[in-house]
Amino acid sequence: ADFDAKKKRKVAEIYQALNSDPIDVAALRRMAISEGGLLTDEIRCKVWPKLLSVNTDDLPPLPAGKELREDNKDYQQVLLDVRRSLRRFPPGMPDDQREGLQEELIDIILHVLKRNPQLHYYQGYHDIVVTFLLVVGDRLATALVEKLSTHHLRDFMDPTMDNTKHILNYLMPIIDQVNPEVHDFMQSAEVGTIFALSWLITWFGHVLSDFRHVVRLYDFFLACHPLMPIYFAAVIVLHRQQEVLECECDMASVHHLLSQIPQDLPYESLISKAGDLFVQFPPSELAKEAAQQQAERTAASTFKDFELASVQQRPDTVLRQRFRERLRGEERLRGEERTKSILTKPRTNRFVKLAVMGLTVALGAAALAVVKSALEWAPKFELQIFP
């Protein structure tokens, strides 16, 4: 009963935000993120367009499917993907109803691609589109998906995978900030981030079997920065830290474990955790973090640490020495404030450990890739945090 009362209150607040003049989009974002999300599909039909600033008053009519399908280079691939998407429809849905929806799904995808020739179809895109189709129907889904494709999903729709890889590059720095042990274990296993690719490019639609969980996540992602799905991916890995650390430390085992996503995740707590991490470690900070790591891992500085370590065989001596140098430099540069933050930052210790273990070379290459990509695309991305 308590839950019902809370739910009723939330519904009232959502409608209040929708009916205020101008519409209180900030409140709608909060509602979409907070516990339970937007609660019902009826509400989603009203709120999702506001989150994407899509005007629902003049939706363009959908063109006839036949003309879209003729001479469309993506038609065959879209057709294959949509035919394989049976499990994305509610179990028990009559065949003819599902087949009708699959036809609509093909039309929506081809329509958006035709109107935006700069966008390239990718396998998994249909998993996002079907979610919108099932929640808001074909006309509204077309408008929302088009907006989403030119904004949030834009990087996945390039001719190459480069920008998608850039986004995946953020996964490890986030994990590193929260749990360096899990990060180092994954680095040693050389597992990479490909296990999270299908999560990212389908907004988890492809990997979660319960539709309610999928739409709950869509409420969250639509209300947030376009990079939020990668934070959510990091939170899932961190949630499973014990399983990860108990796994064999090799690529195949860790990849297998991580790519099997558990279906009973505590979604609400993971969502708030992802939101917290985003605030603590915004993308711009992670780009800097990667850049800082890179600077510390240049060959000269690591070699010096190596020499020290091998002469003294005492990592803590190196640590103290490094620390004094850093403190002297920092004090000169930025006064007392910065010193405090260095003292509380557990970075230097890990750095020495890595230097002594001799892993720096391998990690340096990865860090460099993250930095370069982050610096290339972070500014462009920051500009369009919200449409």
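Note: Cβ is positioned from N, Cα and C throughout, glycine not excepted.
As the structure is a computational prediction, the values presented were derived from the model and not from experiment.
Averaged over the domain 'Rab-GAP TBC' (38-225), the predicted model reaches a pLDDT of 92. Sequence annotations record features per position, and here TrEMBL assigns domain 'Rab-GAP TBC' to 38-225.
Among residues of the same chain six or more beyond the transmembrane segment (191-208), those with a C-beta under 8 A of the stretch's C-beta atoms are 88, 122, 124-125, 127-128, 130-131, 153, 156, 164, 167-169, 171-172, 214, 217-218, 221, 229-230, 232-233, 236-237, 251, 254-255, 258-259, 261, 263. Here TrEMBL flags 191-208 (among others) as transmembrane segment.
According to TrEMBL, the transmembrane segment annotation covers 220-238 (among others).
Positions annotated as transmembrane segment by TrEMBL: 351-371 (among others).
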